[in-house]
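Trainee: Handing you a structure now.
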Amino acid sequence: MSVSVVLGSQWGDEGKGKLVDILAGDIDVCARCAGGNNAGHTIVVPIDGVEKSFAFHLLPSGLVNPKCTGLLGNGVVIHLPSFFAELDALESQGLDCTNRLFISDRAQLVFDFHQIVDGLKEVELGGSSIGTTKKGIGPAYSGKASRSGLRVHHLFEPETFAAKFRKVVEGRFKRYGHFEYDTEGEIERYRKLAERLRPYVVDSVAFIHKALASGKRVLVEGANALMLDIDFGTYPFVTSSSTSIGGVCTGLGIPPKMVGKTIGVVKAYTTRVGAGPFPTEQLNDVGVHLQEVGHEYGTTTGRRRRCGWLDLAVMKHSCLINGYDAFNLTKLDVLDGLDEIKVGVSYSLDGKELSSFPADLELLSRVEVNYVTLPGWKTPITEIRNYDDLPANCKKYINFIEEQLKVPIEWIGVGPGRDAMITKRKDQ
């Protein structure tokens, strides 16, 4: 049995959660392999006949299916107070997660001091700040890389945990000065949290391989997106983990040969949050239209997202690394009101077309985007559920993307509702 994967193909916020929610109806395990509570999305589902909105940040959104088990793998970093706050919020809305949510004993822990340090680092960087969510994700991964981080299993060795915790905090004091922090109070708080956490902790490698060996269907929900990957994104304006297909293997302990269908989620235009080059960004009426009609505000931070045309130079780079088998094109309805739609197909620098995506951001900031202009459809598509019923120009836009990327689009999002998703057959 192989693992299916859903990955963000741009700079995040593509709408991965909605597809995961739909696919979760046919899966047994939904796993996360990277990131922390720095990502976020909202899913609207009917519970007992009433539509309810659930906000996910850290927990796998497949939990909306009551028959699905959620797993946070070893590649995830976990802030326990946020974990329990999110879990309590979901359960208070009627989503029972009893005996169907598990955490890897190898996962790294995020502490409040990581969040404080995250803010201090941004202040230190000043005008060069990356624009993090200040959730402590970067400092936690930094501790992991320097082998000073604490993992979930350390919580169950109280004396060892306390000694390691004091040492790590003291190291942060030496680096950033003595900021206000109750070290002993935190040790006591985590002693109590450890007991509450104990029933959720498993050896995630054994867990997922046992599930696969028994024929269970596993779906991996990627966090963030390819252009935020620590290696392949617009470094340093990236997150601190591997958000590419490679992170699926390292973040869950599964071999590449077990990775099956890989689905890329791509927004019909482009957005990003925070600083960094954005070649197709539209600082004009088009950008305002995309932002307002698309409700482009972050679930985690509430920040306005920067908006621009679809960038196929980004997508070609993304395809090379993740090897998508299919796409879910999302928020296509946001383009309904536009007379014409531009698509960036390549970059030129100093008059020469580039053959690959630049690693050097100084070069990326100077590129000229080569656009193709397509006609708009000027017709609302939110109520359409059959591909054949889409306007002709809308189908031309979809076909153009497929032809350029040589990957089929199997799902098309045409609105925020759970049912606002068109399934496209290969012969259409």
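Cβ atoms are placed via backbone N, Cα and C, with glycine included.
What Swiss-Prot records for this protein is below:
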- 12-18, 40-42, Arg305, 331-333, 413-415: GTP binding site (BINDING)
- Asp13: active site, proton acceptor (ACT_SITE)
- Asp13, Gly40: Mg(2+) binding site (BINDING)
- Asp13, Glu14, Gly15, Lys16, Asn38, Ala39, Gly40, His41, Thr133, Arg147, Asn224, Thr239, Arg303: IMP binding site (BINDING)
- His41: active site, proton donor (ACT_SITE)
- Thr299, Thr300, Thr301, Gly302, Arg303, Arg304, Arg305: substrate binding site (BINDING)
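Are these features on the surface or tucked inside, and what are their neighbours?
Mentor: Taking all protein chains in view, 19 other C-beta atoms sit within 10 angstroms of the C-beta of Gly15 (GTP binding site).
The local packing around Asp13 (active site, proton acceptor), expressed as other Cβ atoms within 10 Å of its Cβ over all shown chains, amounts to 26.
His41 (active site, proton donor) falls within a strand when secondary structure is assigned with DSSP.
Other Cβ atoms within 10 Å of the Cβ of Arg305 (substrate binding site), summed over all protein chains shown, number 20.
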Trainee: Translate the DSSP assignment of Lys18 (GTP binding site) into the three-state scheme.
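Mentor: DSSP assigns Lys18 (GTP binding site) to helix.
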Trainee: How many whole Å apart are the CA atoms of Asn224 (IMP binding site) and Gly12 (GTP binding site)?
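Mentor: That comes out at 5 Å between the alpha carbons.
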Trainee: In whole Å, how far does the CA atom of Arg303 (IMP binding site) lie from that of Asp13 (active site, proton acceptor)?
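Mentor: Cα to Cα, Arg303 (IMP binding site) and Asp13 (active site, proton acceptor) are separated by 12 Å.
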Trainee: How long is the line from the C-alpha of Gly12 (GTP binding site) to the C-alpha of Arg304 (substrate binding site), rounded to the nearest angstrom?
Mentor: 13
Trainee: Go through the recorded positions Asn38, His41, Arg305 and tell me which ones have a CA within 10 A of the CA of Gly15 (GTP binding site).
Mentor: His41
Trainee: Which of Lys18, Arg303 (the binding-site residues) has the most other Cβ atoms within 10 Å?
Mentor: Lys18
Trainee: For Asn38 (IMP binding site), which of the binding-site residues Lys18, Gly302, Arg304, Arg305, Val414 has the nearest Cα in space?
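Mentor: With Cα distances computed to Asn38 (IMP binding site), the winner among Lys18, Gly302, Arg304, Arg305, Val414 is Gly302.
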